[in-house]
Every structure is written in C-alpha cells, then in structure tokens.
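A.B. asks: Pasting the relevant annotations from Swiss-Prot:
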{"type": "BINDING", "residues": "475, 476, 477, 478, 479, 480, 481, 482", "note": "ATP binding site"}
{"type": "COILED", "residues": "311-346", "note": "coiled coil"}
{"type": "COMPBIAS", "residues": "1113-1122", "note": "compositional bias 'Basic and acidic residues'"}
{"type": "COMPBIAS", "residues": "1177-1188", "note": "compositional bias 'Basic and acidic residues'"}
{"type": "DOMAIN", "residues": "462-637", "note": "domain 'Helicase ATP-binding'"}
{"type": "DOMAIN", "residues": "662-807", "note": "domain 'Helicase C-terminal'"}
{"type": "DOMAIN", "residues": "1018-1100", "note": "domain 'HRDC'"}
{"type": "REGION", "residues": "1-25", "note": "region 'Disordered'"}
{"type": "REGION", "residues": "988-1015", "note": "region 'Disordered'"}
{"type": "REGION", "residues": "1102-1147", "note": "region 'Disordered'"}
{"type": "REGION", "residues": "1168-1188", "note": "region 'Disordered'"}
{"type": "MOTIF", "residues": "581-584", "note": "motif 'DEAH box'"}
C-alpha cells in the first residue's frame, strides 16, 4: 500500500528517469519464513499477484475502482476516509506491480532516524501557509534497486514560491495554518498533502485508533493505486478529479444584459433583424454589407468629386467615417467573441470528465543537495547556466515542469484616421533637381546601380520619401520599385527597415545588393538565434555597417525584441524609413490579404516621425484607401503609374486535343531555349505537361504545392540558374519570382480571374524586353474550374488567407464565380483590344490605339458586323425549360441545331418545338450565344461530379428573374460576328492568333523599329552574346549559394555588350546595368572574353589591321572615323524574320547539354535587338562599334 507522501510525489517531474526494480522473489520468500513478520508484511507491503491469493473479501471485488458520485457519499464518510489516507505512516516502496524490494527488518528504526523535509508553500492569494511532511528522498536509496531520489517538494496549489527546508525526524511540530481546499460542485475537499491544526490532528489520531488495516483495505483498491503510481512515475500527469464535473447553471438573461451594457455606442443601433448590431448572430454578414456601402461611398467620392456639392461631399465623408468606426468596432467585437469561444472550447474536455489543469507557476527551486539546478525567471522561462535562450521566446511553466506555448503580446488595433491625399505624379516640385541630394542620387545611381537615367516616377518618389513624406506607390511589375528605397538608403544615414512578404524575395533582394557591395541583412523566424543576435549587436553598434534590414511582417507583428531595437535606433537618430513592399497584402479587400500585415500600423503609432513608403503593383482605389488607413498614413503622397506593359504581347488561342503539340511548336518557333512559365490548373496537369515537353526535347520541370519544400526550392533554383528553361507550375509558383528574363508565360488552363491572369502575366519581361503571354482557352476548363471553386479546391491566390475567408460561403462562391465569368468573357471576346479589357477591369482608362497591334484582336484582319440575336436567345432559354433544365449546354446545342443522335432520340427531344430552329447557324455561333447567356446570368450552370465515373458535368438552368426581363421585350441582345465578305490580308504580319496556334509569322507582328544590319556584324554580336552567356554560367557556378545568373548580368546587359563591343573598363561603365562594383569584380573576365571572341571572329592575323587597341583615345578616333552617317541612326539592328527562321532548323542540332549555351541563342538575341534604355528611350551607340 502506498502512503499519501508517495502519492503526491507521483505528480512531480523526476530529474533522472528511474530504472525498473529488479525481481527479488528470493528476498520475498525469505521474509515469509518468519511467522512473526508475515502479518506485518501482508498488512503493509504485499501486492497480491493472483486472484486466488487475495482474502475472500477482496477477491470478489473488481480490480478497477468504481467511480463514486459525489452526491452518493456523505460528507463525514469522505472526510473520514481522507483523514485515514492522509495520516498513514506505513511506507511502501513498490515501484512496479508484482515486484518488491528486499525486506529490511530494521526499516522502522532506520526510517525514523532519517531526516524528513517539510515543504512550505506560501500562497499569494489566500495568504495561508501549507506544509507537509515526508521523507527526504534525496538521501534515501531503495536497497536492491540502485535507485536514488532527489528531493522535490510536494505538489500543492499556489503560484508564488516553494522552498524546500530540512527538519530532523524527531521534530513533530505542526504549524498552524488554514487547510487547503478545492471547491468542486459545492463540495470542499481538503488536499492530502496539507498539514492540519493541532486540535484537528488529535481527533484524527483518535479516529485512526478505532480503525484497523482490514477496514482500510476493504475501502481501498491497492492494485489500482499502485498502477496509477507506476504510470505517473513514467510521465507526469495532471491531477484527475474523482468526481464528475458539472457546469453550473448560467443565467443567460443576466449574461445577455451584461453583454448589452458593455457594447460600444457604435454597436447599439438596431440591425435589419431588429436587434442590437453587436448582439446579432449574423454580425459577420452585416460587416460585409457595411463594407459594400463603404466601398460605394468611397467610389462616389473618388469618381464624382467634381460633380458633388460641398454639402453632399461633407455628408458622404461623415457617413464614411461613421461606417469605418462601426466596421472596426464590429470586427473587433466578432474577433473577441471568437477568441472567447475558442478559449472555452480548448479548455473543455471532450469526455464527461475533465482533467483539472493547474495554473501556470513561476517558481524557483533551490536544492543544494543536488548538482542540477533548474531556475525559472520572472518572465516564466527556464534559465540554466549552460543555456542560451532567445529573448523573443517567452514561455510559462506549469506545475509539472512543462513549457506552454509562447505568450503573445496584445494584438494591435488600428485607429480610424482622417487621411489627406496629395497626387504626386503630376506635381512638378517632386521632379525638381534643386534638392540638396540630387547630385548624390545621380552619381550613385550610375556608379553603384549602373543606371544612366531614372525610370518614370523614380526620381519623384525618391524626392518625396527623402523629404519626410509618407508615400503610397502604384507601379507595375518591372517598373523599378526597388530602386526607390535602395538608393535613398545608400546615400542617407541610418537603417531602412523593409517589410517583404516572402523569405525568397528577401534573399533575392539581398543577393542583388551584395553584388553591388551594399551591406544588407535580414531577420526571419527560421533563422538561428545566434545569427539574429549577431545582427542585433551590429544594429546596436555605434557605426552599423548595414544600410537595409529586411524582415517579414510576422517578425514585426510578433517580435518584441525587434521593436526594442527599433526604439533604440530611433532614439539615436539612426532609423531612416519604413518600406512596406507588396502593400496590397494589408487590405482585407486585396487578393493577397495577410493578417500580419495589418499589424504594421504599430510602426507609425510608435514612430510617428519616421516616413513610410508603401509599394504595390496591384491595388484598386478601395484597396489603396484601406492600406493607407491600416498603416496610419495621415498625409499621404500618392504616385500612380499605368499598369500597361508595352513589351508584353497578349493572345488567346483555342484549346484543342493537340494543345501540347501547339505549345511545343510555339516555343520552338518563337522562344527556343528561352526561359518561360506554363501555368496549369492541377498537379496532374503540371506533371503531364512537363513530361510531354521533355519528350519534345525541352528542358522542363514541374512545380506544385504537394512537393516537399526542399524539392520545390531545388527546382526553382535550377530554373533561376538557367539549368532548366521551362517550369510547369500551379499558382503556388507565384510571388517569390524575381527573374527578369522570363520570355513567355503560357496558361495551359483558364485562370480564375482577370486580376490573377494580369498578375501571372506580369512575371514575363521584367527586364523590359519583348515577351509573350498566351492563353489556351476551352470552355471545358470553365466547367472544371467552376466545380473546383464550388468544392473549395481552387485558390489561385496562394496567400489569400485571413479571417475574411471565414465570411459567408455563399457570398464567397458568388464573388469567385463572377470573377470566373469575367475571365470567360475576356476569352470569348474576339473584337476588343486585350489590353483595354484588362486595364478597364483594373480601373484604368486605356486608348486601344496605343496597343499598336501587340495583341491578337488588334492584329486581326477580320471584318465584323453586329447581329441582333434576341430571338435566338429567347428560343434557347425556352428550349432549356422544355428539356426540364436537366441537360448540358452541349446537348442543348445539338437539339437546337436539329441533331438526331442517340441521346436526342432517347429523350424524344426531336419532338420539341425548337428542335432544329438553329440549323442555319454553325456550332461555334450557337456555342458563343449560349456562353453569352451564361456569362450574363440569364442561364445558370449547375456544375456537379458524376458519382459513377468521377467526371465533371454541368446542367443548364434558367434564371427566371433575368429571363423575365428578356421575354418582356425590354432587352435587346446584339453580338459581333465575322462578316461573310472576306477582306484581303495586308500581310502575314496581320494574321490573327485567336484562331489557331501562334507561328513565327504571327509572332512577327511585333513592331520592328530598326532596319537590318549587315550580316557579318550580326554574326559577331551573336557569337559575342553566346560567349558572354557561357561566361555568366561559369561565374554562377563559382559564386556562393543563392547567387543567380540575373544577379550577375541580366540578358539586356549582355546584349548591349554584344552590340557595342567595349574594350576597356571605362567603356564597360557606359553599359546600362554595369556599376563600379560589378566592373571591379567581373571587368577583367568580360574584357578577356570579348578579346577572345573578336580574335576568333576576325582571325588573329587581322587583329592589328582591323581593330587597334593602342589607347582609348585612338580607339575612339577610329570608331568616329569609321562610322557611316547611317550607323548612328541604325545601330539598334536586328535580323529579318526570314533569316531567323532559316537558323531555327540548324539550332536543333547544335544544342549543348549540361547548362552550356547553344547556337540557338543567336536567334533569341537577334529578335531582341531593338534595345531600349530602362527609361524607355533608345540607346545610342556610345561604345565601340566595329567597321564593316
């Protein structure tokens, strides 16, 4: 039998895991030989191994101790049993059922001579003192087992302090204190390890004298107690209540009244359901409705500001401010209720009983008799002399020595502010060159970054942020956003903090900066603490070497240590500015909303005098306002730039069964051995497309979210280093891409929305060179995507997370379906300019004449006419009703055109009124009209999956509300169709790409701005470009991990070198993209490669006669003398289409494997020889040009 002291010890963690006791049956038998000791032994230490060995009264009982309801036992019985257990003096050293230690005849004498320790717990809550007495286990060894026990105090309630003290065994003093009780369903139960007042002790002693061992054993299951002790010594367990728990009754009316009284004034108004807004169960729906109203008010203020009266503007602003406050209060209220609910659920057991989890305890244990010392600091973290724990890690420790989760700081709640916007794009003061830093900007832009001019709005943005203004920037992908904060960070003192959403983006930016010798560092959650500590120490130094510090939004939201270091930097005047990259992630209405981004408003709250620069490439007016509010930018200068990407060529191609053959043909004829992305709908599609392209001879790989992170990183690295050319990916391959020389983006399947399509196409041509965006469209993909949307299986915004995702599923499905239908309308539109369709959707006005035939519709030579199809649409709607709304659009099409196939005859649809009514129309025309009815929501497609085969099908149904309007005669439907009169095509360059796969002739519709140059110099430039690419590949292999090819030289830089043929380092500095740091690192290798290539081309014996390199001045004079009058104008040369096509066949046999360049690069380089500077202006021949 086990005494109470040993029971209490079972709930404490052990410092050293004990070994199991040895079998000692021989000692057991030896003890039983003496008849005098049998009785004593049986009454104290025997555990019966077999049922037959138990006394009669015990053998009949079940091993499991039956649970006793608290209401079935009288309180005196409970107290009597507990007092008996608490005062037992018999010691039991059993550690495993059926095994006992050797019997020491002199146990009682030696035991009484040992020291006993008393644990005194001083409670901070009740002020009472509890103490208990037990053996000093640190000095006690159980003979025969080799086990030793360290001294630990008994487990008692209390949060403040436990101190282990020693008292001699002979000291029987009991301190006066209040007994410790736990309240459970109205029953008070005293803890067994508590000391009692002396007067109570005497009564207990008298009670125990009246009880013998048999009475105790009849009421106690020794087997069960020993089993619990055995399990508890292996793993610390929380104490379990023996009584079933009940939830006390709650007065709901009183609770509701209290909640109503605590509501803020904004939530006390009644909603549409007639109850207070804060108490409505549909509060989340009201939030969305109020956001819609707020969006409408904001759009009215933005779009109709000039037409509104001052009173109306004032009313709208007041209403907008009221709605903002109401939305904020309601969202906070919903969040608080959800948090309370989640905390309640996490603290509620799933069974009918529940573990009683003790409160977290910050304690300190001092035990001089042991070598190991564990301390818990005031912050609740373990601290040991040999441990080096991070300061950011905050843990609480419970009574069992287990650390809980990190303690989160209070969530930041943004404040409603009144924002004053200033349009900066047309403000001439920001473009002024009178600022004191203008000279430094221009010098460092050329010297460090290798740029000879600024791109549009770059200078203006830099001037605004360096003037101390908060700036919001809308700039398209590839517009040069990074320079707007990297250049100011270089010339200004202090640290620029950059918040970027992905670690891969951060690493890419840092690699670029290190190549330019600009010191930068990053902090992320995945870094080792030693690395973070080193960075923090550098930030704290008097002269920190870092200019930029990159962090993720999660780091700002959760790291108190980072905020402390920022405060330190600010106090020393070394905090320059905050930069928020991908700022649209702040907005709940943005397509990439991330909750941690909303916590970034704390930066402006803590550091109001530090300017903020927010950058994004995708933001509507509502998203912009939401971002500015969340970040707390009171006086905000806004810079806008067109989303139009002139270097991208858009096309929509019909998707056929030979789609993969068409893709192979397009790549080989237009972008052979160039880098590209193919976006697919599913993982299976990615693998299938990749495998097929490999069979066609392309260096391709697949990438999707189901791959292991290491495997995905390896594939992306291979692609970034040009070891593979084509990556077939789902949209999981997204924001982390910063490769500038992506020449094509192909969509193998239909995108989910126009926003997503525009963003994915934006990954092509970031270097400003001509690139292709091709979408293969089939209506079957629409059915697949719609089904996956309805099942929640498709999310083409991989980072679209946050609590807005828990909004009404019906509303979310409706929004996603509408976005998908807009994408279908975009694909089905064969008339309007592709750029116009995209930019209008994004809220930008665009003149289609500026497209300059860089999309398939503008290149089309078809003559189109308008046709009234109202009667046809009515017939089709009526036909859907007649078929019972249970058939697909394909079946309706067959019936309408008069088909007599098996399906039509099976359902007797040949007898319907409108069977054959459209036999004069082609399948394409009827299909277009049906799709139009679906996109206009007159017909609705019910997409479902077959249970038998798993295939996806859609059934057409009628939207009665819209159909009523159509049949009323108030709606006329007009569509454009090709004219029956064919017009003569002006040239092959005008061929349309909307009717079939693109070919080299169709691709040649891209504008050619320069005349052809003499063939021999084209060949020299092509040879030079190939040699330079091989040099770049070698440099990448020698560079550290993480350095990509475009970090060293981008393709446009290599093309400029190939065209100009610089022969000195001074001439290399004239190349756009080559700064002083890169010329110092790679200049000698570049010049050596150039020299070798020129010698091979002209021959070593002609070197002195053709090209003289005596001095830079003589080279310049010869260059000026040998340039013909037309060379300066025609320096941006490129090869003719016929010439490049002839080389395509030869290129297929000249491929070099293992990352080497191929002769096919000549053709790719020639097609891109319409060079332009980064600011859009043509590059003039400032370098060396060879004579003909």
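Backbone N, Cα and C define each Cβ position, glycine as well.
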A.B. asks: Enumerate the residues of the same chain, 475, 476, 477, 478, 479, 480, 481, 482 excluded, that satisfy the criterion Cβ within 8 A of the mean position of the Cβ atoms of the recorded ATP site; list them in sequence order.
C.D. replies: 455, 617, 766
A.B. asks: What is the Cβ neighbour count of residue 480 (ATP binding site) at a 10 Å cut-off, with all protein chains included?
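C.D. replies: 21, counting other Cβ atoms within 10 Å of residue 480 (ATP binding site).
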A.B. asks: 476, 478, 479: which of these binding-site residues has the sparsest Cβ neighbourhood within 10 Å?
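C.D. replies: Sparsest of the binding-site residues 476, 478, 479 by Cβ contacts within 10 Å: 476.
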A.B. asks: By DSSP assignment, list the helix, strand and coil residue numbers for the domain 'Helicase C-terminal' (662-807), in that order.
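C.D. replies: Once the DSSP states are binned, the domain 'Helicase C-terminal' (662-807) shows 58 helix, 23 strand, 65 coil.
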A.B. asks: Summarise the motif 'DEAH box' (581-584) by DSSP state, stating how many residues are helix, strand and coil.
C.D. replies: 2 helix, 0 strand, 2 coil
A.B. asks: Which residue counts does DSSP yield for the domain 'HRDC' (1018-1100) in the helix, strand and coil classes, in that order?
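C.D. replies: The breakdown for the domain 'HRDC' (1018-1100) reads 63 helix, 0 strand, 20 coil.
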A.B. asks: Taking 10 A as the limit, how many CB atoms besides its own sit near the CB of residue 475 (ATP binding site)?
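C.D. replies: Residue 475 (ATP binding site) is surrounded by 22 other Cβ atoms within 10 Å.
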